[in-house]
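What follows is one structure encoded as structure tokens, with my remarks underneath.
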Amino acid sequence: QVLEPGELVVGKSTVPVGTAGRLAELVGSKVPGALLAWNPEFLREGFAVADTLHPDRLVYGLPVDGDGERARALLDEVYAPIVARGTPQVVTDYATSEMVKTAANSFLATKISFINAMAELCEATGADVKQLADAIGYDDRIGRKFLNAGLGFGGGCLPKDIRAFMARAGELGADQALTFLREVDNINMRRRIRMVELAREVCDGSLLGKHIAVLGAAFKPDSDDIRDSPALNVAAQLQLQGADVTVTDPAAIDNARRLWPQLDYAATAEEAAAGADAVLVLTEWRAYRELDPVAFGNIVASKRVLDGRNALDREAWTAAGWTYRALGRRAG
């Protein structure tokens with residue numbers, strides 16, 4: 001037996017609400033006197049160490065009886081340097097602590113899909129979604145973060161979490177509370193389809209036989225994670241429509257090759273774009289944001305760039321003779 005009476009088990013994973021309560025009963029029945037706390041983590045991929053050492057807040061889900069104070073004291077001891085800095089603490093019950101992570105991820109997903117829905121309207125009206133995001137982001141009640149229109153979210157958290165949240169709400173008889181998340185999910189998936197449509201448009205209506213360079217394989221920069229990667233999803237769709245697709249990424253090539261062996265891969269953006277009929281920037285790595293459009297134009301067959309993350313300097317690329325397209329912005 002590893003667990004002893006008086007010891008504390010701490011859960012950190014994202015779980016359906018109600019899980020911690022059941023685990024607490026199990027722990028108490030197996031080892032009387034042992035405690036359970038739920039302490040959700042809020043780590044961003046690529047910044048796990050920094051987020052662990054300098055969290056925005058500490059959330060403790062504790063027993064509601066007298067043992068809660070003992071559990072809190074143990075957690076405060078673990079987090080002593082962080083607590084000493086005055087990091088905000090939320091001390092609550094199990095259910096609330098479980099919901100914090102899924103509610104936060106659902107809010108972020110909703111904010112991303114909101115600006116992507118605005119991008120759809122901007123394309124219909126001729127407005128510019130990047131300027132729109134800047135304007136509404138100055139409102140302190142809204143803020144600019146996560147208002148970057150583009151290809152949408154992916155990875156192993158947001159897509160999974162909002163779907164699991166909806167499913168759990170249904171199990172609890174509160175499914176109507178989260179029906180809006182279905183549209184959040186739908187908007188997100190439509191962005192991938194729209195990117196393929198844009199690629200077809202700039203390639204004169206057909207992708208058959210076109211050489212397409214896809215810059216980015218990871219679902220986000222500063223990571224090698226390709227789970228539910230919008231970039232790879234688009235690359236695969238392009239290939240299914242007859243394009244000759246070459247993918248590159250600073251960190252995720254090996255992972256991408258294992259999951260999508262049917263795609264072609266290149267070590268650098270320059271190698272991927274050599275002779276390309278169109279270049280798609282689908283993960284906003286700094287190296288891609290800082291590409292020289294003049295030099296890059298010398299290696300492609302046609303100067304057509306699709307900015308899937310609204311990360312490039314449109315004026316610089318159009319000045320270098322490129323046809324520039326992006327989600328939610330006028331053609332340049």
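Yeah, the Cβs are placed from backbone N, Cα and C, and that goes for glycine too.
According to TrEMBL:
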- CYS157: active site, nucleophile (ACT_SITE)
- THR14, GLU45, LYS160, ARG227: NAD(+) binding site (BINDING)
- PHE42, LEU43, ARG44, GLU45, LYS101, PHE146, LEU147, ASN148, ALA149, GLY150, GLY154, LYS220: substrate binding site (BINDING)
- 213-314: domain 'UDP-glucose/GDP-mannose dehydrogenase C-terminal' (DOMAIN)
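This view paints the features noted in TrEMBL onto the structure.
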residue	record	CB count, 10 Å
THR14	NAD(+) binding site	19
PHE42	substrate binding site	16
ARG44	substrate binding site	12
GLU45	NAD(+) binding site	18
LYS101	substrate binding site	21
ALA149	substrate binding site	26
GLY154	substrate binding site	23
CYS157	active site, nucleophile	22
LYS160	NAD(+) binding site	15
ARG227	NAD(+) binding site	17
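Residues PHE42, LEU43, ARG44, GLU45, LYS101, PHE146, LEU147, ASN148, ALA149, GLY150, GLY154, LYS220, recorded as binding substrate, reach a greatest CA to CA spacing of 24 Å. With helix defined as DSSP H, G or I and strand as E or B, the domain 'UDP-glucose/GDP-mannose dehydrogenase C-terminal' (213-314) counts 33 helix, 18 strand, 51 coil.
Here the C-alpha separation of CYS157 (active site, nucleophile) and ARG44 (substrate binding site) works out to 10 Å.
Per-residue pLDDT, averaged across the domain 'UDP-glucose/GDP-mannose dehydrogenase C-terminal' (213-314), gives 97. The DSSP secondary structure for LYS101 (substrate binding site) is helix. The DSSP secondary structure for CYS157 (active site, nucleophile) is coil. Taking Cα separation as the measure, GLU45 (NAD(+) binding site) is nearest to GLY154 of the binding-site residues LYS101, ALA149, GLY154.
Listed in sequence order, the residues GLY155, GLY156, CYS157, LEU158, PRO159, ASP161 complete the 8 Å Cβ shell around the NAD(+) site centroid, once THR14, GLU45, LYS160, ARG227 themselves are left out. Our reading of the NAD(+) binding annotation (THR14, GLU45, LYS160, ARG227) yields a largest Cα to Cα distance of 17 angstrom. Sequence-distant neighbours of LEU147 (substrate binding site) (same chain, 6+ apart, CB under 8 A from its CB) are LYS111, PHE114, ILE115, ALA133, ILE136, GLY137.
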